[in-house]
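Undergrad: There's a structure below that I have some questions on.
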Amino acid sequence: MNIDGPSSVPVPSGLTHPAQSSGNIVQTATTPITVCLIEDPRLLAVADDLPAIRGRASRVSSLLRSYGITSQLQVIPAPLASVEDLNAFHSWDYLEVLQKLEADDELPDEVLDDYGLLHDCPILPKILTVCRVLGGGSIKAAQCLANGSGQVSVNWHGGWHHAQRDHAAGFCYVNDAVLAILELKKTFSHVLYLDLDIHHGDGVENAFAFTPNVFVASIHLWESGFYPGSGTAEDQGLGRGQGFSLNVPLKRGTTDERFTRTCQRLVDRILEKFQPDAIVCQLGCDGLNGDPLGGFNLTQEAYVNCVAILKRLEKPLLLLGGGGYIWTKAAITWTSVMASIMSVHLPLDIPEDDLYFLEYGPSYDRLITKSNIKDENSDLKSKSGNYGQNLIS
C-alpha cells in the first residue's frame, strides 16, 4: 500500500513513515489483543546455539525489545519439558538415544544415522536438554491459549516441523509443533495447523495423517531435489484422516500477492469442511527474497497478511517460528507480524539502540524488498482439477 505524504514508496503493514514516528515508541492504534510471548534467557541461549540458526534468537528478541513491543505483552518463561512430555510424540527409543548422548556415551555412526543424528542434525552438547527446552517453550505457548492467558501465543524459537517420531531431520531435533498441538488437543477438539515455511511440514503431517481432528495444511516450494521432497497436492491424509491434510506446492519466484491469495483460498477451502477451535501457524520465513535456503520472492508483507487472515477467524492462535536464514530479515518479519496482530504502528527506521543495529545497514529500516526474479507459477496450467493445485492463483 502507499502511505500518505511526499513519499510513494510502498510500506508493509505495521510500518509507519519516519515522519509519522517518534523514536522507538510504539504507537498504539487500537486496544491490542492479549498476547503471550514465550521467552527467557535459557530459551534464547539454547536457540542461539543451534547450528542452523546460530545467533538468530538474540536478534529477534533484541528487535522486539528495541521497538518496545515486548513491554506491551506478557513475557512468559519456557519451562523445561519432562522426558514424559516429549514422549507424547517421540518414541522412547529415540529419547533414550538422546539421553545416552547427553551422558557422553559414544554410539556407532550406524546408530546415529538411524536416528538422524548425522549430517544436518549433528550431536549437540546436552542434546536432550535442548529438546526439553525447545519442546517446553511450545507446550507452554499452547497452555497459555488453553488457560485463557492470551488470545495469541507466540514462540518464535519453535517451529521445528521436520522432526519425526523416532528421528531428527532437517535441523529439527524435537517436533515442538506436534507437542503444542497435542497440548491444545487436551482443551480444543479440533485444531488447524497451517505451515507457511518454504519447506513442507512433513513431520507434522506424518504425525496427524490418520486423524480427522487435526487439519494439517502447508504452502511450500516443491521441485525435484528440494527438501524434504514431500507435500504434493495428492497428499491429503490417510485412513480416517483422508481429506484432512492439504498441500499447496508452489514454484520458485512466488510473490507476496500470489502467496496471500493462495493462503486466503486455502483457508476458505479448509473452512468448508473443518471448523477449528484453535489454530497453530508455523511461520518460517525462509520464503523471503534472498534467503539462502529459499526460492520465493516474498517480503514480510506476505506473512503479515497471512496471519491477519487467521486472526480474523477469532480463534485462539499460536504462532511458531521455523526457517529464516538471514537473521535480520527474520527479526524484521516477526517483529512486523507482532506489530500487526497487536494493532500497533512502529517507526520504519531500526532503533539506533538495538544491539545489532549495524547489521541492518545500509538502509537501517524494516523494508524488505523483492527482486525481479520470474514467478514460475505463471506457467502452471491446472488441467486435472487437482484439489491443492487449484488453490494457486
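Counting starts with 1 at the first residue shown.
Each Cβ is built from the backbone N, Cα and C atoms, and glycine gets one as well.
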Undergrad: When you get a sec, could you say which of 1-23, 369-391 is annotated region 'Disordered' by TrEMBL?
TA: 1-23
Undergrad: Quick check on the annotation: TrEMBL has Asp197, His199 binding divalent metal cation, so which of Asp113, Asp114, Asp277, Asp286 does it put in that site too?
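TA: Of the residues offered, the record points to Asp286.
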Undergrad: Spatial neighbours of His162 (active site, proton acceptor) among the binding-site residues Asp120, Gly170, Asp197, Tyr325, defined as Cα within 10 A: which are they?
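TA: Among Asp120, Gly170, Asp197, Tyr325, the ones whose Cα sits within 10 Å of that of His162 (active site, proton acceptor) are Gly170.
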Undergrad: Looking only at C-alpha atoms, tell me how far Asp120 (substrate binding site) is from His199 (divalent metal cation binding site), rounded to the nearest Å.
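TA: So the Cα of His199 (divalent metal cation binding site) lies 15 Å away from that of Asp120 (substrate binding site).
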Undergrad: Given the binding-site residues Asp120, Asp197, Asp286, which one's Cβ is surrounded by the fewest other Cβ atoms within 10 Å?
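TA: Ranked by other Cβ atoms within 10 Å, the binding-site residues Asp120, Asp197, Asp286 bottom out at Asp120.
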Undergrad: Between Asp197 (divalent metal cation binding site) and Tyr325 (substrate binding site), find the distance joining the two CA atoms and give it rounded to the nearest Å.
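TA: With distance taken Cα to Cα, Tyr325 (substrate binding site) is 12 Å from Asp197 (divalent metal cation binding site).
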